[in-house]
Amino acid sequence: MAAINLNGYVGFDSITQQIEKKLLKRGFQFNVIVVGQTGLGKSTLINTIFAAHLIDSKGRVNVDEPFRQTTEIQTVSHLIEENGIRLRLNIVDTPGYGDQVNNENCWEPIIKYIKDQHSAYLRKELTALRERYIQDTRIHCCLFFIAPTGHALKPIDIVVLKKLSEVVNVVPVIAKSDSLTLQERDAFKQRIKSELAHHNIKLYPYDSEELDENERNLNESIKSLIPFAIVGSEKNVIIDGKSVRGRRNRWGQFPRIGVAIGDQILDLSSISSLFEKHVPELKNPASVFSQSSLNLFMSLGKPIWQATRKFLQFILSADTPELRDNHELRVKAFIPQKDATLHLPATIGDYTDFYASKEHASNVGTMFRGKDNALMPNWIHLPVGYHGRASSIVLSGTNIKRPNGQRLIAKDQPPIFGPSLKLDYELEMAFFVGVGNELGEPIPIEQARNHIFGMVLMNDWSARDIQAWEYVPLGPFLGKNFGTSISPWVVTLEALEPFLVQGQQQTEDSRGSLLEITWNGQNEIEFEGDIKRKFIEDDDEVVLTGYCQGDGYLIGFGECAGKIISNRAK
């Protein structure tokens, strides 16, 4: 069609400015749906893309939280603004997708929701007296999350991608791609590209004869990057002296789940594809073992713990070639302990410290209340315990500041506030409870082993002078809650069962702390190098060790160590 030259000014050259002015006044709208299994970082990626905390994770957090039985549709809306430009953002999450034992047709609620939004918009558009501004709930983009297995697309991924690509613009992303090496990531992307082409799955951006050359070139450059390898993080890290949004991974310092094998650590996330093959009851192992704590794995229950341990015994056997003969995988999977940074094994929401030893309770009671009132009348009946401060639990090797608190100088004088002068240790064993119970429902003793995941060494640091003042009538507070050290390795209860023996008979002379050994500072004890102590002094380090030994083998807990540093009251 030939262009016609005008004889005068008409004014339609300002249409674009008028449209721009209206759009800026009304703002824009973007509707995105995220599809993927729990634990792949869907919420984190959305928050990363839009540089704000817009959506919370819908994954299970508490061990007693029930599993979702179906795929749910949950929508969150936000109005965000940047440099005067407003965007109404609708985020549609799909918790429960792919998380069931039987995932047959788990995608149907998602497809139905997308189609329903198209139908609703079309009905409003065809109405004679339609709204001036129709509320658009059509999904503009679907972010489809692929587990970073490094292996291939799962059958469910292929089926769902086909279904979704028929009704929405699909953008596939490899979740938590930093759990793969660069070589693994590139190879994984190529396998996914091949599978998408083989199954004729059409993804955004689409080809069109209406595109000019620049648009076609842009589309080709975008297609070359699909599937996108993404990393989500709401935190900033320092890279080359600059603060950037991201996270440090196993090739840097990102915590993940490992198993101690001699002087090596087996990175379980690196062999997730082997778990998929041999432990089908463990769903999405790549996500489970890429977690920064054991919480998710512990919540899966005893059958999964046992299946995992049995598989590890199998895969580490000299008769099993899959790991033995795969040099590249072994190099990736095994990390020397000396090169690793250890972390707290779990995120601890609560802990209870039990006053379990009769001899210890009698000794402490005698010193604090007198021999006639050493044991409270209900001690032999109640499981005496107190809730500690969960935030005070620290990993072995963490320095412990000398606590400040109230301590009594003389009976006829008020207490003074200042640093403890009677700092002590207590060697204890701590249980990690993996599967909880319903609120108000007790766990029968005979079922305890179904709930206890494993044990660690624990140093229940104690400020005895502060503790003595707090002891009656309320119990421990600042005298106990300033620091509790634990060893980094959790030894599972199943691994410890072969070492079960009858407990040693304790006597009144069984003393497991400086308070008892020195009898509240009345006596000194001597160490090598002519060092004498009544209680722990600044710069002293306490190292606790423990292991179980059998006929030619042993299982160790590692060290539980801590150094006391000064903390003078101001």
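Each residue, glycine too, has its Cβ placed from N, Cα and C.
According to TrEMBL, the residue from D460, D509 that belongs to the Mg(2+) site alongside K480, T484 is D460. Per TrEMBL, the candidate among D350, D353, D538 that belongs to the Ca(2+) site alongside E426, E428, D460 is D353. D353 (Ca(2+) binding site) falls within a strand segment according to DSSP.
Looking only at Cα atoms, D460 (Ca(2+) binding site) sits nearest to K480 among the binding-site residues Y355, R369, Y471, K480. In three-state terms derived from DSSP, E426 (Ca(2+) binding site) belongs to neither a helical nor a strand segment and is classed as coil. Sequence-ordered, the extra residues of this chain that approach the Mg(2+) site, with Cβ no more than 8 Å from the Cβ center of D460, K480, T484, are D353, G388, S392, E426, M458, N459, W461, S462, P476, N481, G483.
The two recorded residues, Y355 (substrate binding site) and K480 (Mg(2+) binding site), show a Cα separation of 13 Å.
A C-beta separation below 8 Å, combined with a sequence spacing of at least six in one chain, links Q467 (substrate binding site) to P476, G479, K480. The shortest Cα-Cα distance from D353 (Ca(2+) binding site) to any of the binding-site residues (R369, Y471, T484) is found for T484. Sitting within 8 Å of the Cβ centre of Y355, R369, Q467, Y471, and not among those site residues for substrate, are the Cβ atoms of V364, G365, F368, A468, V472, G475, P476.
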